[in-house]
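Structure record follows, encoded as structure tokens.
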Amino acid sequence: MDWFYNFPHMSDSSLRDLRKVIDDGFREFTRAWGGTFETIFEPLRQFLIHSERLMLATPWPVMLALVAAIAWFASRSWKIVIGAVITLLLIGWFDMWEDTMRTVSMIFVCTVVAIALGIPIGILMARSNRMQSVMNPILDVMQTMPSFVYLIPVVMLLGIGRVPGVIAVVIYAIPPMIRLTNLGIRLVDKDVLEAADAFGSSSWQKLKNVQMPLALPTIMAGINQTIMMALAMVVIASMIGVQGLGQPVLRAINNQYFTMGMFNGLAIVGIAIIFDRVSQAYGRRLQKHLEIVHG
Amino acid sequence: MADPAINEYGIAIRRLYKIFGPKAAELVSLVEGGMSKAELNEKHGHVLGLRDINISMPAGGIQVIMGLSGSGKSTLIRHINRLIDPTSGEVIVGGEDVVKMSPDQLREFRRHKTAMVFQKFALLPHRNVLENTVYGLEVQGVARAKQVETATYWLERVGLKGFEQKYPNQLSGGMQQRVGLARALTNDAPILLMDEAFSALDPLIRVDMQTILLDLQKDIRKTIVFITHDLDEALRLGDQIAILRDGEMVQQGTGQDIVMHPADDYISSFVEHVNRGKVIRVGTLMTRGPADADLPQLPEGTLLDEAARRIIASGQERFAVTDAEGRPLGTIDMAAITRGMFTTHAA
């Protein structure tokens, strides 16, 4: 009755062999292809470096004015602009300006990559039910797999640094982008689509004139979610060498510096709130035509 | 811009069948062999949409297709621009079979030959009135200046001047449908498909829109296919009326034909409550033969309502009925008019 109380499992030796075969195989693969992957991701690395350099080289008052201007044009709300400016002033006063700029730069790059990949994939998913049934489990894996697990192969392939950090963040943050693009397009009013068909729209014209504009509020919600999730990954990304607000937090964990952790943590929360309020207000403004309703 | 060129786009629908369901193609022969809608649904789980529809719609006229919900009228109109593919049959428009068109040909056909107005308006909510109206031309790739010029003209014709920058949400239903109409007219296609276009509007606004459409039609002379469930609307607009029930054509003819000679009890029950004085014309009821030259005259197209009013006002008993050139065709008296207005079944 031993099998009844202890789950019968593979013998230890075959399990060990299995692991060894896979690990060796992957190590072979990284040795053979690591260079190629680095070349593939070189443009991404350049993008990261330049974006970070630009943000750090820009004098802080200019940066502050820029953020205020973006907040104003996106939200048209003084409350949000003032909130953003005060948050950034406090961050600077507590000497976290540089790390914050590094983090903002990385979030910016990650969001751009997530949008550039997520929207096309979301569109493909909305067009084909088969694509949707293939993508859905993949997205489930991406959202639930602990990020440390996919950090291992990424680091083995590309080493420690910014690029693997961005890849890890994008894997974690892209699913809402894809899902909400898909959902937004699928929810477009069938009557309006039929009208577009009746006037002889090509499928590109339908996408450009009808589906994307009507899905845009939902897609904006996806972008907002992606930014929030990317910020949540900042600390984990710092473990593989991504500079920014994550590194002081990591140091604070290791050395039990409570205040240091708290300050940097609050800085992350601060920029998260700025991103969130600005992008949400922008999303609402996109739907303005729906608000003024005939009496 | 209201192009009075002769419209050559008549529509002929021949032996059209539509069955909804995955195995429609295999089942069409059973339906052709006489299987009923109920039997098809029971034995094969497929829904019969249309059965053996044959109809020819003259170019430049208003063809009304009438039926209650579920009769297949909206399905039928969507076969004309192939928003729905038929299971079998032909849809000949301007000499070409729409059913046989390739996707590219079909797109070109929809862009240039047809325009459609929808029951629920189907405007783009994120575009203002002007941007909605230019949609058809934009899709065709017409130059922007021309788009705006044409759209502005038609917006003015439907009474929306000054509303170009409003969004659909800011307009009432009647005004939204005017945008829908302007959008369709801006496309300048010879065929105008109107799917219950006025059904969602208040009764008064509906009559308004009918008047606008009839006025416009005097200039544009398009082939209009108008779907409705409202007999009064059908009689007012239709040069020809076809009545559908359960996917089958029950009767085709002019409004007068249908009111005076309903094909079966179903149509009789429809026609019963119609104001016959506003449908039947004196030409239909007159006694053919010579008329005395001293009798007052009525053109043969005069409606019974109007004729009765004229007869009462004149104090005369008999009137001569004349054709368009004023030649006498026959005579009519008050008794015949009264009979015509109140008999339910023409003898």
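Using the three backbone atoms N, Cα and C, a Cβ is placed for every residue, glycine included.
Feature annotation from TrEMBL assigns domain 'ABC transmembrane type-1' to A:100-279. According to TrEMBL, the transmembrane segment annotation covers A:54-74, A:80-97, A:104-128, A:148-174, A:214-237, A:257-275.
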Whether the transmembrane segment (A:214-237) meets the transmembrane segment (A:104-128): three or more C-beta pairs under 8 angstroms: yes
Message: Cβ pairs under 8 Å only, please: of the recorded stretches A:54-74, A:80-97, A:104-128, A:257-275, which one is richest in them relative to the transmembrane segment (A:148-174)?
response: A:104-128
- prompt: So which of A:54-74, A:80-97, A:104-128 is most in touch with the transmembrane segment (A:257-275), counting Cβ pairs under 8 Å?
  reply: A:80-97
Message: If we skip the immediate neighbours and take only residues 6+ beyond the ends of the transmembrane segment (A:54-74), which ones have a Cβ under 8 Å from one of its Cβ atoms?
response: 80-81, 84-85, 88-89, 92, 97-98, 101-102, 104-105, 274, 278-279, 281-282, 285
